[in-house]
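A.B. asks: This is the structure I want to talk about, given as structure tokens.
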Amino acid sequence: MPGPALEMEPVEPQSLKKLSFKSLKRALDLFSPVHGHVAPPDPESKKIRISHKISVEYGGLKNTGAKSTGQASSAPDSAIGTSAPSNALALTGPGSSGDAKSVAQNALVIGPTVQPNAQNDGGLQGRSSAIISASGSSERMSTSAIMERIPSKWPRPVWHAPWRNYRVISGHLGWVRSVAFDPSNTWFCTGSADRTIKIWDVASGKLKLTLTGHIEQVRGLAVSNRHTYMFSAGDDKQVKCWDLEQNKVIRHYHGHLSGVYCLALHPTIDVLLTGGRDSVCRVWDIRSKMQIHALSGHDNTVCSVFTRPTDPQVVTGSHDTTIKFWDLRYGKTMTTLTYHKKSVRAMALHPKENSFASASADNIKKFNLPRGEFMHNMLSQQKTIINAMAVNEEGVMATGGDNGSLWFWDWKSGHNFQQSQTIVQPGSLDSEAGIYALSYDITGSRLLTCEADKTIKMWKEDENATPETHPLNFKPPKDIRRF
């Protein structure tokens, strides 16, 4: 009578994948004692090379010896970019004529897609792309875990001191919509929804003068550096020229069919540019009050414009999401940029470089001049409607949003080094924390923001900040977003 059956210990079921990784680990321990260094190549194992095509055609791996010698020269030195020896070999099935000694000297490399062959249980289906690719190129084989890390080519940002609010000026009775500095940097003017233009002292922040004449909110201001003139534009369709010696209006420029949203002075010739809700940017002769050109081509409101001495002399941004470069001689479009998906409400020309940035609710983008090649996006997104932006010579760009966010950027790299939120003045609603206009002074050391809580806030760099107290928290982008 047979004795009692011995109780067997339960065996943990192990998948082929797990067994493969165990085998791979043992092979690595055996062949590569110094991890991180590739083992020296073995000339014997180079003779055994099996192409992916053979393994797919025949199901198993056959005629290894015959094929391998013929393909030894054309096959790559390393079938997979691992730290295992450079002689990766697939499992041989029955019928393979490989040399047993050289097989033992090879590291066993099996990818995660290996499945048992239906015909040969002992062999492996040759569909594993991790063993050898169809073309035999080793470049596409390397996995992200084993790939060599390439240092980022993205430019490292320059350290900038953080900016702080040092003065709040109140005096307007409505939203402050526009700002412009005097070329001598002694005063600045602001236009407001209370229909007035106020002139303030830069050093003390005290009110010097109030000008009345508009019958709607003043949306655009510019001070000439060639004459004693100031220009203003507003929702009342009017464009006015003020003589600052007499403090009164001396010219009107009639022609806009709707509100005028933006205004710019040409730096070298006596020409004024205004853009508005009638989708047209109009070019005026300052002295004769004549309209030289009506730059028509936009499908929606022209809400931002800047000029330069050389072509393109006029650049406009519109609610139709496009930016247009204009030929001032003929009044025709030179180039149309269609990179943005939302309204281009603000643009800023760099004071030194031949480049400019444009802001939209989707992104802030940088473009080259004069051709308008797209350079790159800023590395963060403000997630709000950006109404105003400015950049100084040090490469600090400031953008102001509808939600009161004031972000500071490094121009060269597009890194956002400071995010601040304006505080509404007492008595205002939290929803009135919007920034409608901003501008640097002539030196670029002070920044003015015009806000929905009826105040003007002045900002400057923190003198006590150092790279140690405010370190640069910069992570280069992994992928560069094209649009």
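Cβ coordinates are placed from backbone N, Cα and C, and glycine is handled just like the others.
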A.B. asks: According to TrEMBL, which of these ranges is region 'Disordered': 61-81, 124-144?
C.D. replies: 61-81
A.B. asks: Cβ under 8 Å, sequence separation of at least 6 from the ends of the repeat 'WD' (253-294): give me the contacting residues as numbers and ranges.
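C.D. replies: Sequence-distant neighbours of the repeat 'WD' (253-294): 216, 219-222, 224-227, 229, 231-241, 300-309, 313-314, 316, 318, 320, 326, 328, 331.
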A.B. asks: Tally of helix, strand and coil residues over the repeat 'WD' (211-252) according to DSSP?
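C.D. replies: Split by secondary structure, the repeat 'WD' (211-252) comes out as 0 helix, 24 strand, 18 coil.
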A.B. asks: Please average pLDDT over the repeat 'WD' (211-252) for the predicted structure.
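C.D. replies: Here the predicted model's pLDDT, averaged over the repeat 'WD' (211-252), is 96.
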A.B. asks: Going along the chain, which residues at least six beyond the ends of the repeat 'WD' (295-336) come within the CB cut-off of under 8 Å?
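C.D. replies: Residues packing against the repeat 'WD' (295-336) from afar: 261-268, 271, 273-277, 279-283, 342-349, 356, 358, 360, 367, 369-372.
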